[in-house]
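Annotated features in TrEMBL:
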DOMAIN    5-35  domain 'Flagellar basal body rod protein N-terminal'
DOMAIN    94-158  domain 'Flagellar hook protein FlgE/F/G-like D1'
DOMAIN    220-259  domain 'Flagellar basal-body/hook protein C-terminal'
Amino acid sequence: MYQGFYNLTSGMLTQSRNLNVISNNMVNVQTSGYKRDTMVTSTFQEEMLYRTGRHNKANPTPLSVTSKIKTASRTYVDYDQGSFEQTDGIYDFAIGGSGFFCIQTPDGERYTRNGSFAVDEEGYLTLPEAGRVLSEDGQPIRIDDENFSVDARGSITVYERQTDSEADSEEEPKLRQLGTIRIVDFGDYEQLHKEDNGLYSTAQAPAAAQEERPQLIWKSVEKSNVDMVDEMTAMMTSQRALQSAAQVLKMYDQIMSKSVTDVGRL
């Protein structure tokens, strides 16, 4: 009898956590570079063996009837690339392929797919509410002139301002490089830890630079890979499962109450 309580309660907790994950996806549907989360469930036995490092054992020890209990195992991030949206904003960037921008934060270096940048009061390229964008040499990029251009490799250049005499001459204006936006990738995305503001942290070192650098798309941003129709469908399914479990749990409670009352009369 009590096994039913355990199963239903764990099911309700699992669906409640799943609804939180789905709600977070829906809230961030308009967040540039956001990657949707998916919650995965497992049995109590599987989760216990995983957390104790015994999940690769050939003949794991049975954990009695509690093995039937479902639990919210962990949340996986879907790193599929979202579609691109042209914004014509001079501080907007998108990565055409795998990789992450590098951001200098108070807590250390972080990584993101969100290329909706801006410039701070000192003229440095920044991700709002996060930190400054780093260049390939590991330094923040300072943009002191809005008349800059960016190539597909992320190199930011600007024409040097000319004096009147230089403007009258036939010499072409000189280009000045402000920096090249750093893009890194990782061999194991499961080692990335998702944080707020679309940032990721990890203890692993970035993978070796590839010969073919991902294309940087200027004046565009990568949209989130959240599909609202899929999320709405998943939310309704999870809500129905939660409501059904609550109704059955109420029935179990009534049966237990009746059993106790009848036994007491005997």
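Start at 1 and count along the chain as shown; that gives each residue its number.
Glycine too: its Cβ is placed from the backbone N, Cα and C atoms.
As the structure is a computational prediction, the values presented were derived from the model and not from experiment.
Outside the domain 'Flagellar basal-body/hook protein C-terminal' (220-259), and at least 6 residues removed from its termini, the chain residues within Cβ reach (under 8 Å) are 1, 4-5, 8-9, 11-12, 15-16, 18-19, 22-23, 25-26, 28-36, 78, 80-87, 89, 92-95, 113-116. Broken down by DSSP into helix, strand and coil, the domain 'Flagellar basal-body/hook protein C-terminal' (220-259) contains 32 helix, 3 strand, 5 coil. Counting residues of the domain 'Flagellar basal body rod protein N-terminal' (5-35) by DSSP class, helix then strand then coil, yields 23 helix, 0 strand, 8 coil.
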